[in-house]
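One structure is given here, and the rest of the page talks about it.
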Amino acid sequence: MHNTHLLTSKQLAKLHFIVSMAFLLASSSVPMLLMFLVSFTVSSLMGSSLGNFYQNFDITWGDGRAKILNNGELLTLNLDKASGSGFQSKNEYLFGKIDMQLKLVPGNSAGTVTAYYLSSKGSTWDEIDFEFLGNLSGDPYILHTNVFSQGKGNREQQFYLWFDPTTDFHTYSILWNPQRIIFSVDGTPIREFKNMESRGVPFPKNQPMRIYSSLWNADDWATRGGLVKTDWSKAPFTASYKNFNAKDACVWSNGASSCGTNSSAAAASSTTNAWLSEELGSTSQERLEWVKKNYMIYNYCTDAKRFPQGLPPECSAS
């Protein structure tokens, strides 16, 4: 499968067969049946290739605590005292614009962490993180973000959200192209990490990454530095997922990208791959500054005590 929005060879064969049958039927004066067969087949095939958890993900751990429901349209992770649970994408990606809708653990979620991230393998891995740190009932979740490149992280930024993330689904997005990584929530950018290789800062651009997500117990650090422990009487804890979308992404398979040999340059010239050179416009930049001013609660670039030898080089960029 080269792209979540492309049909597989089996689907194409099925489509070709049904269209051929439809034209035969059309010659027999049944045009209504023709239209129905073609429209139903195309929509069902395309629908199954976008957002279907059976098609796009594997449950990797949790001993039955992770479940795919509603014909593949919904995935739930559960956590109890014995274990959490998790899943990962079947595909690897080298650049992409990836959306997922999440509804987080409601009520007293203190001690729990819901992680949703991209990561490669190995000791010099790259990683792009969303982590949702649970809290006591009535206290806000903390959205924790980080970027690892060549095994080095320590680039944490944390935010409160401007809504309750437990009452409904909200869209959490990562735009990752050769120039920048943009984290967004419901279409509002909350963080931008630019490619600053010119300043000696490694940038994730050579290692394909899978999508991972997990719900797990981290009460040794997640809530108030570990002071608040998980209340197991409230278990099982549940996080829910739907509407996965990676139609704008370069799938990496057998050493090649679905976007072509030079995805960072040639593919970006195509209007269908405009996201490969996408940047924040003036309105989006204003929204980003609004989030920073009103909802950012930690920024490694302002933590001078943590970096006595000087802040990381990307922090001094304008």
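From the backbone N, Cα and C atoms, a Cβ is placed for every residue, glycine too.
TrEMBL: automatically predicted annotations, no manual curation.
Given the structure is predicted, the values throughout are model-derived calculations rather than measurements.
Per TrEMBL, the feature active site, nucleophile maps to Glu127. Remark: Glu127 (active site, nucleophile) has Tyr117, Leu118, Ser119, Ser120, Asn146, Val147, Phe148, Gly153, Pro204, Met209 as non-local neighbours, by Cβ distance under 8 Å and separation of at least 6 in sequence.
Residues or ranges marked as active site, proton donor in TrEMBL: Glu131. Cβ neighbours within 10 Å of Glu131 (active site, proton donor), excluding its own Cβ and spanning all shown chains: 19.
When pLDDT values are averaged over the domain 'GH16' (47-241), the model yields 95. Feature annotation from TrEMBL assigns domain 'GH16' to 47-241.
What TrEMBL lists as N-linked glycosylation site is Asn135.
As annotated by TrEMBL, transmembrane segment applies to 15-38.
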Do any residues at least six apart in sequence from Asn135 (N-linked glycosylation site), in the same chain, have a Cβ closer than 8 Å to its Cβ, and if so which, in order?
Ser109, Ala110, Tyr141, Ile142, Thr223, Val228
